[in-house]
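Written below as structure tokens is the structure these notes are about.
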Amino acid sequence: MKTIIALSYIFCLALGQDLPGNDNNTATLCLGHHAVPNGTLVKTITDDQIEVTNATELVQSSSTGKICNNPHRILDGIDCTLIDALLGDPHCDVFQNETWDLFVERSKAFSNCYPYDVPDYASLRSLVASSGTLEFITEGFTWTGVTQNGGSNACKRGPDSGFFSRLNWLTKSGSTYPVLNVTMPNNDNFDKLYIWGVHHPSTNQEQTSLYVQASGRVTVSTRRSQQTIIPNIGSRPWVRGQSSRISIYWTIVKPGDVLVINSNGNLIAPRGYFKMRTGKSSIMRSDAPIDTCISECITPNGSIPNDKPFQNVNKITYGACPKYVKQNTLKLATGMRNVPEKQTRGLFGAIAGFIENGWEGMIDGWYGFRHQNSEGTGQAADLKSTQAAIDQINGKLNRVIEKTNEKFHQIEKEFSEVEGRIQDLEKYVEDTKIDLWSYNAELLVALENQHTIDLTDSEMNKLFEKTRRQLRENAEDMGNGCFKIYHKCDNACIESIRNGTYDHDVYRDEALNNRFQIKGVELKSGYKDWILWISFAISCFLLCVVLLGFIMWACQRGNIRCNICI
């Protein structure tokens, strides 16, 4: 082979051909894309980890640590629960007739009145919370033959004995407690919420001393419902000096309906009604401080931005919030596949295109050109292909947010001990929903990432094919994203290729002439095949001569005998 190369060299000299090298009659043009030294790993449908030049985090994993009071109206419960504020606990009087979008209950909240229980506490709490108001209207109930406004030392209002301000404790008058039968129609066009109760004395003596009868009864009815409660007399654990209890009940009276109260003792009567409203108000348990700031989304941990489609802060939210998922991170590719530049090359130590690696330092575009010609080297971005890719990628984040952000709140689910199985079922359903959303989120992001990478690769290929169609036979595809241009191509010529105004006919003759020049040791010209065929033919000829000479020599020595038969 060395002999062949040497002969080729002599042959080229004899014909007066120019050897390839750093002449001024050719140029190199490479196409490439942006790259960064350290990219970001994302997940796609086909790859668990693929490096891209840029990515955006989609999961909000931290809160501000404070609850913003704008645009939602936040009502701080301070040391009162919503039910205590509803009943009119003396230390919660400041909440009378208040309104809210979100009522925040604190862990330090406590009751400071007569000990009570609410058999359907969660439902009442949720009902009042969603109404968003404690607006109370006093009504003129007529209670004949009984003593009103009972009080207790367990419920101090100032230095005096008191009671819940929204309830009326009825006891005997003298030595009688007549049967009470009171009606109250709803002539308005809204629902009315009535709160009432039943007193459970701790002893029979307390029962008769308050209500005369040994056993009382309370029945509250509307056309749609009826509740009858018989007091349970018996001692209970002491709370604020009392072993008796009050059970709190509630009744909703629709427009046109009638409230009927019938009792012969133990009645804790309503003083009026709460005006019910429909809305998206809610309640949340949180110890985060309330601050003057703006946030659409609130969690018990504090407010969070809603500029991301997912969050991992808390399942409980209020407002327009990202969807809760289990993942701590989900990254959306907002750049192309990253192939860091090989630093040993230098800028043009060995010029290479996008097939080998990306180009670092392209700050003015995602795709571009590098060239090497008689005037030196240079680089320029292709803004058209860059903008085409950016336009399609920019809307991705907004589309994902639109698909996932909830325009409603996820309230706390509470159940009584009796409803334990329902609570377990609810928890299972919620956990299943979270699992499904977490899976869907991961799949959605992987699909979008796959599309982004395919899209950016496609734009690179489009630019390469566009350049190839312009150059035609005037250049040769070097296989690494570069073209060897076989004519003198100055900077103006390079610019015409970049902007699509290159006229290949102008340079055709020069390119064809240079293209067929022998390229010396590179053996890349059209003579390479001829030289190889000639070398092969000469080798075969010499082999035949040697073989024929050996046969003739052997015949002369008598080692080989040939018989020819006719």
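Backbone N, Cα and C atoms are what each Cβ position is placed from, and that goes for glycine too.
What Swiss-Prot says about this protein:
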- C68-C293: disulfide bond (DISULFID)
- C80-C92: disulfide bond (DISULFID)
- C113-C155: disulfide bond (DISULFID)
- C297-C321: disulfide bond (DISULFID)
- C489-C493: disulfide bond (DISULFID)
- N24: N-linked glycosylation site (CARBOHYD)
- N38: N-linked glycosylation site (CARBOHYD)
- N54: N-linked glycosylation site (CARBOHYD)
- N97: N-linked glycosylation site (CARBOHYD)
- N181: N-linked glycosylation site (CARBOHYD)
- N301: N-linked glycosylation site (CARBOHYD)
- N499: N-linked glycosylation site (CARBOHYD)
- C555: S-palmitoyl cysteine (LIPID)
- C562: S-palmitoyl cysteine (LIPID)
- C565: S-palmitoyl cysteine (LIPID)
- 1-16: signal peptide (SIGNAL)
- 17-530: topological domain 'Extracellular' (TOPO_DOM)
- 552-566: topological domain 'Cytoplasmic' (TOPO_DOM)
- 531-551: transmembrane segment (TRANSMEM)
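Comparing Cβ neighbour counts within 10 Å across the disulfide-bonded residues C68, C297, the minimum falls on C68. With the fewest other Cβ atoms inside 10 Å of its Cβ, the least crowded of the recorded positions C489, C493, C555 in this structure is C555. Note on proximity: among N24, N54, C493, the recorded positions of the record, the Cα nearest C555 (S-palmitoyl cysteine) is that of N24. It is 50 Å from the Cα atom of C321 (disulfide bond) to that of N181 (N-linked glycosylation site). For N181 (N-linked glycosylation site) paired with C113 (disulfide bond), the C-alpha to C-alpha distance reads 28 Å. Calculated from their C-alpha atoms, the gap between N38 (N-linked glycosylation site) and N54 (N-linked glycosylation site) amounts to 10 Å. C155 (disulfide bond) is surrounded by 24 other CB atoms, counting those within 10 A of its CB over all protein chains shown. Cα-Cα distance from C489 (disulfide bond) to C155 (disulfide bond): 97 Å (rounded to the nearest whole number).
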